[in-house]
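Okay, so here's the structure we're looking at.
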Amino acid sequence: MATGQLFSRTTQALFYNYKQLPVQRMLDFDFLCGRETPSVAGIINPGSEGFQKLFFGQEEIAIPVHAAIEAACAAHPTADVFINFASFRSAAASSMAALKQPTIKVVAIIAEGVPESDTKQLIAYARANNKVVIGPATVGGIQAGAFKIGDTAGTIDNIIQCKLYRPGSVGFVSKSGGMSNEMYNTVARVTDGIYEGIAIGGDVFPGSTLSDHILRFNNIPQIKMMVVLGELGGRDEYSLVEALKEGKVNKPVVAWVSGTCARLFKSEVQFGHAGAKSGGEMESAQAKNQALIDAGAIVPTSFEALESAIKETFEKLVEEGKVSPIKEVIPPQIPEDLNSAIKSGKVRAPTHIISTISDDRGEEPCYAGVPMSSIIEQGYGVGDVISLLWFKRSLPRYCTKFIEICIMLCADHGPCVSGAHNTIVTARAGKDLVSSLVSGLLTIGPRFGGAIDDAARYFKDACDRNLTPYEFVEGMKKKGIRVPGIGHRIKSRDNRDKRVELLQKFARSNFPSVKYMEYAVTVETYTLSKANNLVLNVDGAIGSLFLDLLAGSGMFTKQEIDEIVQIGYLNGLFVLARSIGLIGHTFDQKRLKQPLYRHPWEDVLYTK
């Protein structure tokens, strides 16, 4: 292991199995230290995605939530620490998955009781791949003024009291997380404070040992002395003894092994941790303390004397000029949360909406980060605005031109279709523009204009699975599903839909690939062998060509394409386009002052 620092002021982590308080404490520590970016880059919650709202100082931020470790690592390649709050049942599997990600360098396992066989596998893999495991059964670690893991060092008040908001000169490592909090306070009282502190965890087989971190501290110039707090049970301390004897550590080490009282008991005693139990003589606290003394460590006569030993060692370093004075800073005040601040009037209230597509807080609105003035000055069109507000990126001009063509071709299709009919009837009833528009829009669905998304889904699935038109169509037939995007009440083989022809012509001339459109055409060829009106309609044309636009632009991942189709972007295109015509029909009826519409009796079949 060895090498040097694990963390810095720019270190970011992925947090597995979301727990609100530890994450918020990390972010509060970040703010206290004056970090510019939050230390939590993303949260992994198996089975859920989205954003989690948390506070970074006075501002509320949205931290991405990912369903899988692989997706989180891909989305946040600079995050190299994995903080695992999974239960002992799943901690090993998720930790191994994290270790196998090339971007992850450090894994902290909080859970206690991870099977020892699983822990051994994690240790072996980490060592073979030059990675670091902290834990299991750990509270984590901290680099003062830079980064902390989860609940390390406790509350903000304790962190301030221990001066952990700025770096000191002492490297500290212990097995116990609870005792590490006590020792941070002790070190702060008699020295200039902690530089880095690690709790390796109390299980029998820790992922990294006391000596691993002492050797690492020895390579960090800012650390001038080390403090070690071991405990009875196991032989971890002896690896530190060997390192001291071999001269691998050239900085003062103050050490104490807790558990000297175990000899007062007649039988074996199990203390708090799995690894803290009295066993053979070599595992006793007395034997370990003596071995550390013999190796050159500074070991007091009791735990009560540990503070004095640390103080004397530090003062000696100061006298020798090996420690430079630390510049004290005043940490910022962390805002209180709402419930605790109501009485005092110090409040920060959570937001209720997350928006990622536009921002109107500056001097001018921005669409996906592009200022309104730039949109006008650079000659953006409606298609460009849609690409920013719908897809959150600037698409190539041929893509935005295609969007504009779709809008123009789908703006209206006469007064006889269901949407226009409803709008006309509503307008003639004296209703307002919005009511008339909505009346028409509500007819859009699987039978009228709303088949674009379904057409895209089915064509994509069939094409991606290399189904022949026969397999695709007959498979749909067996399921009792009509093929979306195929069939028209008016158009036929001999009377093609001009809109479809125009879209296909544009795509063949401008798209880098029309794979999905060509597949839709082969499906049309097959369906026309069954009936003359089973032509590719405008829904099918837009659906298949939009797949080609998304895939051919090179600006979308497969997952993003699937999400776009699933959410209903393509039907949104028809809704937007047809709104133009429906508004036109509303104005037309009102301008013509048409009376209330009543359907004629002769057009109704009255039957029992």
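Placement of Cβ uses the backbone N, Cα and C atoms for every residue, glycine included.
Annotation comment: Swiss-Prot describes 214-234, 265-291 as ATP binding site, evidence class similarity to another entry. In the three-state DSSP assignment, the secondary structure recorded for GLU231 (Mg(2+) binding site) is strand.
Summarising the environment of GLU231 (Mg(2+) binding site), the number of other Cβ atoms within 10 Å of its Cβ, over all protein chains shown, is 25. The Mg(2+) binding site annotation in Swiss-Prot covers GLU231.
Summarising the annotation, Swiss-Prot assigns active site, tele-phosphohistidine intermediate to HIS273 and lists similarity to another entry as the type of evidence.
The feature CoA binding site is assigned by Swiss-Prot to LEU292, ILE293, ASP294, ALA295, GLY296, ALA297, ILE298, VAL299, PRO300, THR301, SER302. Under DSSP, LEU292 (CoA binding site) is assigned to a helix (H, G or I) in the three-state scheme.
Counting only same-chain residues six or more apart in sequence, the Cβ atoms lying under 8 angstroms from the Cβ of ILE214 (ATP binding site) belong to GLY171, VAL173, MET226, VAL228, LEU240, ALA243, VAL249, VAL253. ILE214 (ATP binding site) carries a helical DSSP state (H, G or I). The binding-site residues examined here are GLY296, PRO300; by Cβ neighbour count within 10 Å, the least packed of them is GLY296. Between the binding-site residues ILE220, MET226, LEU232, LEU292, the minimum number of other C-beta atoms within 10 Å of a residue's C-beta occurs at ILE220. You'll find the Cα of ILE220 (ATP binding site) roughly 20 Å from the Cα of ILE298 (CoA binding site). Under DSSP, ILE298 (CoA binding site) is assigned to a strand (E or B) in the three-state scheme. Rounded to a whole value, the Cα-Cα separation of ILE298 (CoA binding site) and GLN286 (ATP binding site) is 14 Å. Non-local neighbourhood of ASP294 (CoA binding site): VAL241, each in the same chain, at least six residues away, with C-beta under 8 Å from its C-beta.
In this structure, of the binding-site residues GLN286, SER302, the smallest number of CB atoms within 10 A of the CB marks SER302.
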